[in-house]
Amino acid sequence: MDPVIFSTSIASDLKKVLSGISFSQLFVLTDQNTEQHCLPKLKSIFPSDTVFKTVSAGEKNKNLSTCTDIWSAMTKAALDRKALFINIGGGVIGDMGGFCASIYKRGIRFINIPTTLLSQVDASVGGKLGVDFEGLKNHLGTFNEPETVMISTEFLTTLPEEELRSGYAEIIKHGLIQDKSYFENLSIENWENQNWMELIQHSVGIKKQVVTSDPKEAGLRKVLNYGHTIGHAFESHFLDGPKHLLHGEAIAIGMICEGYLSHKKLNLSANELNIINKTFLSIYGKISFAESDFGPILDLCLQDKKNEGSVLMFSLLKKIGDCSYNIPVSRDEIKEAILYYQNLDLS
Ligand SMILES: NC(=O)c1ccc[n+]([C@@H]2O[C@H](COP(=O)([O-])OP(=O)(O)OC[C@H]3O[C@@H](n4cnc5c(N)ncnc54)[C@H](O)[C@@H]3O)[C@@H](O)[C@H]2O)c1
Ligand SMILES: O=C(O)C(=O)C[C@@H](O)[C@H](O)[C@H](O)COP(=O)(O)O
Ligand SMILES: [Zn+2]
């Protein structure tokens, strides 16, 4: 069975899925927003002994302390190894809940119901699970696939616009790394009004094709990380402060900086670099930061999972729709790329 179900009637489809799985008990994880906006769409179908657990929302709670809280709730409920864990939420809940399920009693099965655009187009597929640690993105984690992923655009109706916009960055990424015509057909000026299901299905198709050929990121899968070396560094650096960036906003910055590196190191044409810059700047604008931010952001890049020893390895574009990986980049070149972003003209 294809583990990804595109649903137009999420409650009845989940009921059907559950009737086909034998489990001892259900454990349902939400965050405070998905408890309010998404759980009510499904609650009536859960058996009366279902255990519900809600955690605080957002990236700053994607950590071991929240995992401990989740594992305590699972233990208190005496979940056995035939229990089924259901994640209802965005990428934070999917990554962290999947991780908690995969570790508890050496692993119980889980289902993902992604409720943000970002988690539907990207985090839904590929089995990357984990949490942040000591300020580093997804530093602790594992690969493990859910039993099923159920995607419904019904959830997007309550999603704040900035979260929709954040998810759109991963859609643009999919075009840039693998599919030029997908990128060219995105209506950037009118990005809020799209046929979301069509885009989700296309993005999931691209992602599936990549992760099927390289599930554990030995090689090709690194292309999905375009924009993420520098993007994750920005996301981590600004996590606790007033300039907090959503994942998609951070990787949009990363994709501009890494577009510059692509131009410098792989001859991405000036014209295509300009198109990439205009695309991201028109949707995400520009953030400003100080000279004092550079050092910590560069240090964070040193911890990227694609690096080999002390060599920083990037995924960069040869042209739009064609991404290479394992490209060594020096600390000075990263600094130059961030300066390039800082000096870009918004007009
Ligand atoms: N595993 C992967 O392959 C993968 C891929 C991409 C991103 N990620 C990770 O995903 C995370 C980002 O995911 P995200 O953008 O979904 O963030 P998120 O999970 O924090 O969700 C964003 C916000 O939207 C709220 N929300 C979720 N669904 C809602 C709904 N339907 N209505 C109203 N509010 C809703 C959440 O409570 C949260 O406040 C990052 O941690 C990133 O590292 C993982
Ligand atoms: O699925 C992948 O592989 C990706 O790199 C997709 C990214 O969009 C996603 O943000 C992922 O969580 C990043 O993984 P990491 O290995 O850089 O932590
Ligand atoms: Zn991402």
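Numbering starts at 1 and runs along the chain as displayed.
Cβ from N, Cα, C; glycine included.
Sorting each residue of the domain '3-dehydroquinate synthase N-terminal' (54-165) by its DSSP state yields 50 helix, 32 strand, 30 coil. The feature domain '3-dehydroquinate synthase N-terminal' is assigned by TrEMBL to 54-165.
What TrEMBL records for 167-307 is domain '3-dehydroquinate synthase C-terminal'. Broken down by DSSP into helix, strand and coil, the domain '3-dehydroquinate synthase C-terminal' (167-307) contains 101 helix, 0 strand, 40 coil.
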